[in-house]
Amino acid sequence: MCHPRGAGRLVQPRLLEPFQDTNKKQREERDKSPNKDKERSLTACLLCAAFFGSLGSSFLYGYNLSVVNAPALYIKAFYNKTWIERYGEPISAETVTLLWSITVSIFSIGGLFGALSATLIIKVLGRKGTLLLNNSFAVIAAVLLSLGEMSRSFEMLIIGRLIMGVDSGIALSALPMYLGEISPKHFRGMIGQFNSILICLGVFTGQVLGLPELLGQESTWIYLFSFLALPAMLQLCVLPFLPESPRYLLMERRDEAGAEKAFQRFLGKKDVSQELEEVHMESRAQDKLHTVSVLQLLKSPAVRWQLITVIITMACYQLCGLNAIWYYTNGILREAGFTESILPYITLSTGAIETLAAIISGLVIERIGRKPLLIFGFFSMAVFFSLLTVFLNFQDRVSWMPYLSYVCILAVIASFCSGPGKTTHIFCFDQSKHPASRLEPCNIQCMSSSCKCGSVHGRSCASLSLSFKVKLFPSSHMLILVQ
């Protein structure tokens, strides 16, 4: 259950053990069942819910990570043109740097507000209802971003990015819950990967559409933001015909008939009595919970390490410095010594590597496990970020050093996307048995993301003697070394 006061919930070990033992016995009986293969088949309803739920949520989040990269110069030129029309003089370098950093970083600030408000919205509207309502934020943001240039208002761009951040914060809270609660246990890892894979596809799509041959031109860059409305509209057309989370229907709405129908459609079988009984047992266990403070949670041996694991994992996920690469890929590669004409295509390769790594991770996650992928990913990122720091310091002395920097950037992206980027939410979902607890990682995620981006942009804006692009990259990769 989702508790709007946001307080922790303490589960006594004696309540969990019978629930876990019963589930173990049920799994063993199910594995011996002759209908095992039939029960473990994916249904069209489940796949549609995973794809279209992610399309209007995580896809938009990934798209917004990369869409501001290609038109950065045109947006700054628009700021300068608008400033001249208003005040009769060109905008100063410090002011355009400030406006640009606000435009980029306010997306994470909006995500913080969205994640903090998601608990109450999900409690009232449910998982699917929240995703549907959330599309209104995407449409409003698309309108503001699209009309900003025509209205000669850079404030509309900034507000549009803020609203889009709210959309992403809510989506990253509601979508993992929806996917986790509608999928059977043996497919939960794979279905949960839709969230991560669609983020990668969103990043890649933003890079493709930002190519000069498509929308990455001075006369067409505004259409990059108009595209935001398309995935939202597609989700609005499909998701209403798919069921709500059966666990939400049963535990929050007490609608057993609706939950039974939802389970039947998602699982593709008529007899869902076992699934209903599991939810009933979880509901009975939650009825015996009592409200405690975060400090009491940390003192409780039953949930202390679960809470610490969730906090540390999500903090590392957002403080690893990768978003700085997505926001400023062109600037990073430019500082690495690559010419302007090939930057969009090199940037495109980073999106392709991310998508490929996400797909591979989705195929092996159930065989290898969450923890090994997380450890391997974070360790590899630390190694390649360290090498990247060394290569950047020597790139002016050795002609081929920029190519090693580029390889390190690709390796960092592949390490993140094959491990932390694709398994963190699923890992935290598994650590937190109850839906109310699963909101905590998303709040931590957006808060740490906001702090990280604010740190990067704040350092960059404070520098008046150095250009924004030169100052930014050292700030971003220093974060991972400190972490």
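Glycine is treated like the rest: Cβ placed from N, Cα and C.
According to TrEMBL, the region 'Disordered' annotation covers 1-37.
Marked as compositional bias 'Basic and acidic residues' by TrEMBL: 22-37.
Among the features that TrEMBL reports, transmembrane segment is placed at 42-63 (among others). Outside the transmembrane segment (42-63) by six or more residues, the chain places 128, 131, 134-135, 138, 164, 167-168, 171-172, 174-175, 178-179, 182-183, 187, 191, 194-206, 227-228, 231-232, 234-236, 238-239, 242-243, 265-268 with a CB less than 8 A from a CB of the stretch.
Look at TrEMBL and you will find 50-483 tagged as domain 'Major facilitator superfamily (MFS) profile'.
Look at TrEMBL and you will find 98-122 (among others) tagged as transmembrane segment.
The annotation transmembrane segment is assigned in TrEMBL to 129-147 (among others). Tertiary neighbourhood of the transmembrane segment (129-147): same-chain residues 53, 56-57, 60, 114, 118, 121-122, 156-157, 159-161, 163-164, 166-167, 170-171, 174-175, 178, 222-223, 225-229, 231-233, 235-236, 239-240, 244, selected by CB-CB distance under 8 Å and a gap of 6+ residues from either end.
According to TrEMBL, the transmembrane segment annotation covers 159-179 (among others).
Residues or ranges marked as transmembrane segment in TrEMBL: 191-209 (among others).
Here the transmembrane segment (221-242) has long-range neighbours at 45, 48-49, 52-53, 55-57, 59-60, 63-64, 67, 70-71, 74-75, 128, 131-132, 135, 138-139, 141-143, 145-146, 148-150, 160, 164, 206, 209-210, 215, 265, meaning same-chain residues at least 6 beyond its ends whose C-beta is under 8 angstroms from one of its own. Positions annotated as transmembrane segment by TrEMBL: 221-242 (among others).
The transmembrane segment annotation in TrEMBL covers 307-329 (among others).
Feature annotation from TrEMBL assigns transmembrane segment to 341-365 (among others). Tertiary neighbourhood of the transmembrane segment (341-365): same-chain residues 66, 69-70, 189-190, 193, 196-197, 199-201, 203-204, 206-208, 210-212, 216, 325, 329-330, 333-334, 373, 406, 409-410, 413-414, 417-419, 421-423, 426, selected by CB-CB distance under 8 Å and a gap of 6+ residues from either end.
Under the heading transmembrane segment, TrEMBL lists 372-394 (among others).
Feature annotation from TrEMBL assigns transmembrane segment to 400-417 (among others).
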Practice prompt. Give, as a single whole number between 0 and 100, the mean pLDDT over the domain 'Major facilitator superfamily (MFS) profile' (50-483).
Written response: 78
Worksheet item: What residues in the same chain, six or more past the boundaries of the transmembrane segment (159-179), come closer than 8 Å to it by Cβ-Cβ distance?
Response: 49-50, 53-54, 56-58, 60-61, 64, 68, 103-104, 106-119, 121-122, 127-128, 130-131, 134, 137-138, 140-145, 148, 191-192, 194-195, 225, 228, 245, 425-426, 429, 435, 438-439, 442-443, 445-446
